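Enquirer: The structure that follows is given in the form of C-alpha cells.
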Amino acid sequence: MSEITAEQVAHLANLARIDLSSAEIDRLTVELGQIVDSVARVAEVATPDVPATSHPMPLTNVFRDDVVVPSLTVDQALSGAPDRAGDKFRVPAILDEE
Amino acid sequence: MTSLINQTAAALAGLLADGSVSSVDVTRAHLDHIDAVEPDVHAFLHVARDAALATAARVDARRAAGEKLGPLAGVPIAIKDVLATHDMPTTSGSKILEGWIPPYDATVVRRIRDADLIPLGKTNMDEFAMGSSTEHSAYGPTHNPWDLNRIPGGSGGGSAAAVAAFEAPLALGSDTGGSIRQPAAVTGSVGVKPTYGGVSRYGAIALASSLDQVGPVTRTVLDAALLHDVIGGHDPLDSTSLTDAWPSMTAAAQAGLADGALKGVRIGVIKELNGAGFQAGVKQRFEETLALLSAAGAIVSEVSAPNFEYAVSAYYLILPAEASSNLARFDSVRFGIRVNPEDGPLTSERVMAATRDAGFGDEVKRRIILGTYALSAGYYDAYYGSAQKVRTLIQRDFAAAFDKVDLLVSPTAPTTAFKFGEKTEDPMAMYLNDITTIPANLAGIPGMSLPMGLAPEDGLPVGLQVMAPARADARLYTFGAAVEQLLEAHWGHTLLSQAPALANIEMFATEGGAV
C-alpha cells in the first residue's frame, strides 16, 4: 500500500510548480493514494529479466542535413508571450530578495 | 432528400470534381448547419466562417481555371484544438492557452491546407487530451448528437461529434490512449489511430510523446483512408516520424469493397477484452458481428493477451510521467496566460506556480502530480521502470497474437456513451474505461473503430475495434471497408442515418441544397 501524505503532495506540487490550495492538496492526497494503489500492480509482472520499452518504434540517430532553413522571426516567437521587452521575453525577478 | 451535409467526403469530392457543386456551396452548407446545431452540440471552440468561405472561393477559382487539384480539394474539415493553427486560436482545451494563436501550423494542418481542404474551425477536447468524455475541457463539454445528456467520448469528443452531427464530413483527431477510437465508438463514427510514427506529431501539443498519434475522424472507412493519405508520411520536423514508403490507404479501402475480401482473413478475438465489465448490448453486437464475419468466410478464433490486465496501470504511470514533463513548458513566459500570486514577492518561480494553479484544471493537476510522483527519486524503478517493462510484455502479447492471426478485434469501449457526471468523481472508473484502447498505444500498433450497431438496451452506438501489426495500417482499411459494407448491407442503411434529428436540421438541410 502506498502511504501518500499531504506533506508529500505539497512537496510534489512545489516540484511541479503548481500553487495548490490546501483543499486541493487534501483532495489530491486521497485520490493519489487510490490511484497509486491501483497502478502499483505493474510491479507484479515487472521481473528483472524483462527489458524496459521507452518507445514503441525505436529509431536511433535521427539526423537531417546541416542546412539553414526558414525559422520563426523574433516577432513571431514573441507573439504569444505575456510580456516582452523589445526583442526579449520579459520575466519577473529570477531571484527573490534574500 | 439528401443534402450536402449528409454526403461522405468521397461523394463530395466527386461532386466538386465534376462541377456539380462549388466548394463555397459545400462550405456554406456546413457552416449554416454548425450555426443551427452548435447551441446543442458544442463540438467547436472556434469557427472560422469568413476564412473558410474565402479559402473555398479560392479553390473554386483555381478549379475553374483548369488547375489540377487533389482528391479532397474543396472538402471542409474540422481540426482538433490540440493541433497548432497559425490563423486560429489553439488552446488544447485549457485556460492556460486561452486565446493563443501559434506562429506556425502543425504539419498535418499544413498538409490539409496544401491539399486544399477547407478548415472550418477547431474542435473541443478534454484539457490537454486528458479524459474520455470532454468533461475536462475548460470550455464546457461537447454533447453526444445521439443523446445530448451523454458524453461524446474523449478526449476528441468535439471532432467525433462534429462528424456525427454532420457539421463536418472530416475531422482531425489525436489518440494517446483511445482519444480517436473511443469517441468514434460512442458517436457511431469512424476513427483511426495510425501506427506510431506514421503521421507527424509536429505541432500537436504533446500529452505523452511516446503514445500520441494524430489520425482521421470520419463517417466512413473510405473517407478515413482518403484523409490518412493526405496527412501521413515522413516529416523531418518530427524525429519519431517513420521514413517508410506507405501504400495508398485509399486503394486499400477500395480493395475491401471487392467480393470475397473477407474470405480466409484470420481474425483474433482477444479473450481479455471480451469479458466481465462489458455492457450486454455491446457484447451482443460484437458476437453478431463475429458471426457475420464467419459467414463471410473470415476465420475467427480466440487469442489470449495475458498482460493486457496490466495495461491500464502501466498507461497511468507512463502517461502522467511524460505529461508532467511535457507540460513543464507552460511557464508563463513564452506563451499562454500569466497570473501573479495574490501576495508575496513576484519571482518567476512564484508567478509560474500561480499561473499553473489558475490555468490548469483538476484532471491536469492530478496527472502532473501523479507523474511527478512516479518519476521522483526512490519511486522511479517501482513505478515508471516497472510500467516500461509491462510495455514490453504487451508488445510480446501482440507479437504472439499476430503470429496466429492477421487482425485483432474487440469492442472499442466497454459501454455505450455514459451520462455527464457519471464518472467525474471517480478518476479510476474513468481510467478503466480505456482498457480496450490503451494496449495499441503502448505497443505503437494501428487501431480503428467503426460502428457495429446500436445497443438494444439504450439505442446508442457500439464500436468495433480492429488492430493490425505495426506498419500494417493498410490492412485495417481493407478489412474495415469490408466490415462496414457487410454491416450496412445487413442493416439496410448506415448507422448514422438512425441518429435522432437535432434542432433545425430540416430547415438548414433544405437551404444547403439538394443534390
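Heads up, the Cβ atoms here are built off N, Cα and C, so glycines get one too.
Grabbed the feature section from TrEMBL, which reads as follows:
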type: ACT_SITE; residues: B:K80; note: active site, charge relay system
type: ACT_SITE; residues: B:S155; note: active site, charge relay system
type: ACT_SITE; residues: B:S179; note: active site, acyl-ester intermediate
type: DOMAIN; residues: B:25-476; note: domain 'Amidase'
Enquirer: Can you tell me the three-state DSSP label for B:S179 (active site, acyl-ester intermediate)?
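Expert: Assignment for B:S179 (active site, acyl-ester intermediate) reads coil.
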Enquirer: Taking the domain 'Amidase' (B:25-476) alone, what is its mean pLDDT?
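Expert: Averaged over the domain 'Amidase' (B:25-476), per-residue pLDDT gives 97.
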Enquirer: Under 8 Å Cβ-Cβ from the residue listed as 'active site, acyl-ester intermediate', six or more apart in the same chain: what's there?
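Expert: Set apart from the residue listed as 'active site, acyl-ester intermediate' by at least 6 residues yet with Cβ under 8 Å, we have B:M125, B:D126, B:A129, B:S132, B:G154, B:S155, B:G156, B:G173.
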Enquirer: In terms of DSSP three-state secondary structure, what is the assignment for B:K80 (active site, charge relay system)?
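Expert: Strand, per DSSP.
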Enquirer: Just jot down the residues in the same chain as B:K80 (active site, charge relay system), at least 6 apart in sequence, with C-beta under 8 A of its C-beta; none if empty.
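Expert: Correct list: B:K122, B:T123, B:M125, B:G156, B:G158, B:S159, B:A171, B:L172, B:G173, B:S174, B:V217.
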Enquirer: I'd like the Cβ neighbour count for B:S155 (active site, charge relay system), meaning other Cβ atoms within 10 Å of its Cβ, all protein chains included.
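Expert: Total other Cβ atoms inside 10 Å, all chains included: 34.
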